[in-house]
Amino acid sequence: SSLRGENATVFACLNHEVPLASEENSSVTCETEHLAGFLLSLNATVPLARLRIPYPQTGSWYLSLRSLCNTDRGLEPCGNMTAEVYLRTYLSPCINDCGPFGQCKLMRTNNYLYAACECKAGWSGWGCTDNADAFSYGFQLLSTLLLCLSNLMFVPPVAIALRSNYLLEAAVYIFTMFFSTFYHACDQPGIVVFCIMDYDVLQFCDFLGSLMSVWVTVIAMARLQPVIKQVLYLLGAMLLSMALQLDRHGLWNLLGPSLFALGIMAIAWTGPQHPRRHCYPPTWQRWLFYLLPGALIAASAVLLYAFVETEENYFYIHSIWHMLIAGSVGFLLPPRAKAEAASGGGPLAGPLPPPRRKGCGYQLCINEQEELGLVDPGAGVSVTSVCTS
């Protein structure tokens, strides 16, 4: 505004649908018994006033202006005063684009389309400008390091897979460890952020790697023929990619492939056409020291992910999820892949013995070294299992 009177003040009232009737007295209120508006004031000392109305109502808005002068008796109508007021109105989806600690999101509810700020790192307010509960830099750094460094728990499963000649499985674990680390470095709120590529690409690769790690581990536990196993690996990768494009945060993206792979594993372990001609695994040591701990750790990870994890505890619960999933893989991977070929169950072995007449049954194998992974695949020693029904 531009005022030619040092003692003059311009009052403005903004009302919805009904204009404010002018009064002869010196009242500066914008409220009546049936009307409430927004009051602004300008003078020579404060020539600029700004008003933000979040989610304004549709309809007509009325701006009423009135000039009053300061006298010994208070505010009174001015006699000889000139005031120029410049008005600028505009619509914006978010206040200042939510600033550095928020993101402007466009949302749709029924037939309504509206925008709002999604604040992060503890910031709040219409424009993410309230730092009353904002996270400190040290807290942000700690949460980032926890989520990133917890992926190092995949190093032991990678070493176990390489030692047992599970090269494809080891490649999947390395893929998961790499993209999970850099996805969480890019996904952090606040200022502790590091992105090596587009966020959407990192998120997709992280989710795909996590699901593929579960898929290849359970399929490897089924000890299928190489051709069948390769087909299932490829088919799983394509179907999981499609599922992630439909809904990346769906719980069934994890439970669906896991249950399906467990069904395949159960059929392979108990079916009469198993290469070993007996139910697998045949030793109680394998169950007690490997399969049972691995299953408990994996189940704990799924329960944490599905029922415990929230936005408030995300950084440490999700870090525990990383460590539990990686730890379960080390227990669940079956013993050395070449052991089957040496014992007559692989593609390089000789003719298989005739199948049993009454299906699977259950046999306890005396050869415990092979099932516990104590046989060196490079030694070239043929180990014969002696079983009793």
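Start at 1 and count along the chain as shown; that gives each residue its number.
Glycine too: its Cβ is placed from the backbone N, Cα and C atoms.
DSSP gives Cys94 (disulfide bond) a coil state; it is part of no helix or strand. According to TrEMBL, the feature disulfide bond maps to Cys94-Cys104 (among others).
The DSSP secondary structure for Cys128 (disulfide bond) is coil. Of all Cβ atoms in the protein chains displayed, 25 besides its own lie within 10 Å of the Cβ of Cys128 (disulfide bond). According to TrEMBL, the disulfide bond annotation covers Cys119-Cys128 (among others).
TrEMBL lists 90-129 with the feature domain 'EGF-like'. Beyond the ends of the domain 'EGF-like' (90-129), by six or more residues, the same chain brings 52, 54-55, 135, 140, 189-191 to within a C-beta distance below 8 angstroms of the stretch.
According to TrEMBL, the transmembrane segment annotation covers 134-154 (among others).
TrEMBL lists 166-185 (among others) with the feature transmembrane segment.
Summarising the annotation, TrEMBL assigns transmembrane segment to 191-215 (among others). Within the chain, the transmembrane segment (191-215) has long-range Cβ neighbours (under 8 A, six or more residues past its boundaries) at 100, 121, 137, 140-141, 143-144, 172-173, 175-177, 179-180, 182-185, 233, 236-237, 240-241, 244, 248, 253-254, 257-258, 261, 325, 329.
Look at TrEMBL and you will find 250-269 (among others) tagged as transmembrane segment.
Look at TrEMBL and you will find 289-308 (among others) tagged as transmembrane segment.
The feature transmembrane segment is assigned by TrEMBL to 314-333 (among others).
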Rounded inter-Cα distance in Å - Cys104 (disulfide bond), Cys119 (disulfide bond): 9
Spatial neighbours of the transmembrane segment (250-269) far in sequence, C-beta under 8 Å, 6+ residues away: 207, 210-211, 214-215, 218-219, 221-224, 232, 236, 239-240, 243-244, 279-281, 302, 305-306
Cys128 (disulfide bond) to Cys94 (disulfide bond) - Cα separation in whole Å: 10
Cα separation, Cys119 (disulfide bond) to Cys94 (disulfide bond) (Å, whole number): 12
Distal contacts, the transmembrane segment (134-154) - CB-CB under 8 A, six or more residues away: 101, 121-123, 173-174, 176-177, 180-182, 184-185, 188-192, 315-316, 318-320, 322-323, 326-327, 329
